[in-house]
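Below is one structure, written out as structure tokens; comments come after it.
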Amino acid sequence: MSQPLPAEAARARALLSATARQGRGRMARPVLLGLASIACGLAQAWFMAHLLATLLGHGDSGWAEMGAAAALALLGIALGVAQEHAQADAGAAARAGLRRRAFARLLALGPADPRPAGERAALVVDRIEALDGYFARWLPAAILAAAGPLLIALAVASEDPLSGVILFAAGAMVPVGMALTGIGAALASRRQFDALQALSGRFLDRMRGLPQIVLFGRQESEAQALGAAADELRTRTMRVLRVAFLSGLSLEVIAAAVLGCLAWRHGHLLVGGHPDPQAALFCLLMVPGFFAPLRAFSAAYHERMSAHGAAAALAPLLEGEEADEAGLLLAEIPPSVVVTFEHVSLTYDPSRGPALRDLSFRALPGEALVLAGPSGAGKSSVLRLLMGFNRPDGGRIAFNGRDATSLRPSELRRLSAYVGQKAHLFRDTIRNNIALARPDATEAEILAAARAAHVTDFSDKLPGGLDTMVGEGGYGLSGGQAQRVAMARAFLRNAPLVLLDEPTAHLDPGTEAELLESLRRLCAGRTAIIATHSSALRARFTRVLEMADGRANPARMAGE
Amino acid sequence: MSPMLRLLLRVLSLWRSRRGWLLGGVVIAALAALAGVAMLALAGRGVSEGLRHSALTAGAVGSLLLLRPLILLRPVARYLERLATHSATFRALADTRLWFFRRLAERLPAGLGLRGAGDLLGRIVTDVEALDGLYLRALVPGAAAVAVVLAVAVLLGAAGPGLAAVVALPLAAALLLPPLLAPGAGRAAARVAEAQGQLRAAAVDPLLGLEDMLAANGEARATERLMQAGDLLARKQKSLARRAAWGGASGLGLSQAALLGALGYGLAGGEGAVAGSVLGLFLALAAAEVLAALPRAGTALASASAGAQRLFEAADTPPPVAEPAEPAPPPASHAIRIEGLRFAWAPDRAPVFDGLDLDLPEGGRLALLGPSGAGKSTLGSLLLKLAAPQEGRITLGGMDIATLSGAAVRQRIACLTQDARLFDDSIAANLRLAAPEAGDEALWQALERAGVAEVVRALPDGLNTRCGEGGARFSGGQGRRIALARALLSPAPVLILDEPATGLDPVAERAFLETLESATQGRSVILIAHRLLGVERPTRILRLIGGRAIPAMG
């Protein structure tokens, strides 16, 4: 992870603070519980001071105060546990909200997002998880680091004003000390963080490509290079840490100085007999408590840093959120669809030139339109537009004469059954993989779809029939079998528009012939658009639109 | 010996050579903690004597004077402790990384990432880094705590055994917390890891099959599944956090018990017990700070041992092909012959090859065709000794490759695999992986042959351009061509090109395949493809069908 740019960092900060604001109620609980536990500590210290003073011959506290101190100790511990629970809840709630939003964005971007699935999944898993520490630990610690010492200093001041002033002064010194020792400290620890990330990134990179390294017989030299890189980074990191740890040192020195000052203040009073030994002891006993929230703050500091990295990765994703809700909903699914393309153009990436230019055609119910042409001609782009995976840059796409682009993409998809080049089987049973297309389908309907697509031809021979687990870690289906499952999905879906993208591309001629029959039945009575290279498939259908270079090739338009 | 202890001892044995650094860190940590104890012991004496005599006595003054250097000693010792322990950790982790890298290179040369979904490899790499918790969060604070408890027991034992019992016993009990809490925390952490895996699957599955999922309008269902997996994970994490919180609470309870024990000792014992009681109170305060880190040590032990388990599981995978005990001297020629080869990836899976025979004379160019799944790439793995045939044999220059070392075979056979990966390094460094001594001219020549020299020349940094992780800097096709250039650069006399033209546009594909003959300069070539364009001019064409190679026409 490299250092985020200033603009990125600002967006990351904005995302974190907006999320914290939304969960204000939940975020307040750990802070309040933390303050209550500090108050408990104060009361306990008060009793202990009195007890100690009694031991030393001042006052007459006894077992009752001892009992109170013990009870307060237990209460303080219970409050601490409750605070941790509240923190975990706050973190979980913030993560759940962000995860839902990020996933919705990934679904809205759809297949147009060029990043690999693993990388996108990392956004909704690892990046979101990395934010937990920010909401669960850093935010409460930051607020308590300010409020806790203030509360303690006030309580101490009410017992002995000068001791209170000493604590106030120390509290004010802490940020100054941290700033002085680490003008570079924050910067330094950030660089250290980056450097360590870079090292583990390099290690992971080489581990991922280990087969290449072994094939070229370079494992030993790579190992040595890795070792040298680690050594060099360690020297650099240690140089940085020497500065970064100074801020911790400054905190310790201030704590020691406070103890020294208070010892001097009360020791000084001792010379003539202390007027209020209870107050003196109370002040001394509160010193560790005064610094505890500050220590917790420094310990949680790295949470903030890793959260910023994660938020910087998430912020750009979440930015287009509002647009996703745009678009009309379908009142009902029409029984048949006439698809019209009028002068449609589409460009994915200006440097690669347009994928579709000025394309016009019409597809009618009951007929199958075959899109033919070399790869790169724009066949798949037509289907991507009809599936709402991409939006046209110009021209008009109409369904039954109405503008289709005004519909929300997910609504657009309700009209179609789609079979892509390579059907994806989810880790589930064959039956559920088919039912994906229409979860409310009955058993009989699923079985009928499986028959129509010749899935039962092979599933009947499997040990579990339609209930055999497939997909990752399950029974491996061949490409042709997987394609038949996809075809069964399309049968079950029973939509007016059938879109097929090279449905037989990866199949051997025998399997292709078997599938063609199912395919014909699937298209019967529906509007079908089929992109294909296959001459066998082309031969089965009469209407062919030859495409080249993003355009229809009118000279070879057959069947019009 | 418990399995957790065994794992952790094995980690420590990996760190053996860094013993000096690691022990040094522990000693400094113990000294820093003892400085804190000494400071509060002196403060306690000063306060008790001062208050009891209502005036500063010589003893109190002496205590306060001694305090001054100690006040500075402790922060400085803490600072040194952090430097020493971190430096020691970096060294130990660097050793672990290298050990793991070498071990995997030896045992899993085909890679680990191919096994199952999710990023097992990424997780193990994180596991290696997380082993620092074993030292920084368990061993160091543990050693400091033991030193403090011993010091407290000795100091108070001198004042009275009863006092030592009420103060030091609860503190000593706190020392037992990490080993007591670790197994439970380990189980809870394992449940968290499992829930994390489910969450990842719930995120990866719909994204892998995104088109099919969207086509089925499955957005709401996929979101629901993801959120449920997220909820489950949050619940498991909460139960882990609850354990940690109660662990922390019991540690806190024990140090409070010591504190109140010291006070109670004074209350019950009357005048004679006061000095000891005050000393005990201040020592309990000093110990509380050091012991506060202990309950978390249990969690650190648990997660370190879970990480170590995954690490060793991967590292202990038996190598797919055992190296011959005494490798035969490498053959003089490099003709390849396959006889009666039978191979299945697993006993319960259909064999990929069943009686495969194949012959590739020196300098021959063999095109191997077949539909996907016919085993074309598997043949590459067998030739490179990444897998071993169940029956039959493969000879290189007349010698069975089973008798040759893997390194010797791979020196003679270079392969452009389908998943050839570029490293996050310069283009030049990526190319030199195949030929470390190659000059710039040779690199350009290879890039030229792979049809990517134009692209590289247009980059401002030319050969020094970094490729990004997995070649992310380049488009898929460009990255593929750079990988191809790397394979062409290799001096190996046999070249396996597994679908070399993937990612090339049709014009470039044709152009490359036309020049294949000159690009490979009389080396033996096995060209794996699912079809031929008719320009490759191979000396033989074989089609893989039903586990055998059948002569075919292009």
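Any Cβ shown, glycine's included, is placed from N, Cα and C.
Lifted from TrEMBL, the feature list:
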type: TRANSMEM; residues: A:31-56; note: transmembrane segment
type: DOMAIN; residues: A:31-306; note: domain 'ABC transmembrane type-1'
type: TRANSMEM; residues: A:62-82; note: transmembrane segment
type: TRANSMEM; residues: A:138-158; note: transmembrane segment
type: TRANSMEM; residues: A:164-188; note: transmembrane segment
type: TRANSMEM; residues: A:243-267; note: transmembrane segment
type: TRANSMEM; residues: A:279-297; note: transmembrane segment
type: DOMAIN; residues: A:339-560; note: domain 'ABC transporter'
For this session: Please give the sequence-distant neighbours of the transmembrane segment (A:62-82): residues at least 6 beyond its ends with Cβ less than 8 Å from one of its Cβ atoms.
Result: 33, 36-37, 40-41, 43-44, 47-48, 50-51, 54
Problem set entry | Per-residue pLDDT averaged over the domain 'ABC transporter' (A:339-560), given as an integer | 85
For this session: With a Cβ cut-off under 8 Å, give me the same-chain residues at least six positions beyond the ends of the transmembrane segment (A:138-158) that come close to it.
Result: 20, 27, 30-31, 34-35, 38-39, 42, 83, 87, 90, 164-165, 167-168, 171, 282-283, 286, 289-294, 296-297, 299-301, 303-304, 307
Exercise. In terms of Cβ proximity under 8 Å, which residues at least six beyond the ends of the transmembrane segment (A:31-56) contact it?
Worked result: 62, 65-66, 68-69, 72-73, 75-76, 79-80, 82-83, 86, 140, 143-144, 147-148, 151-152, 155, 277-279, 281-282, 285-286, 289, 293
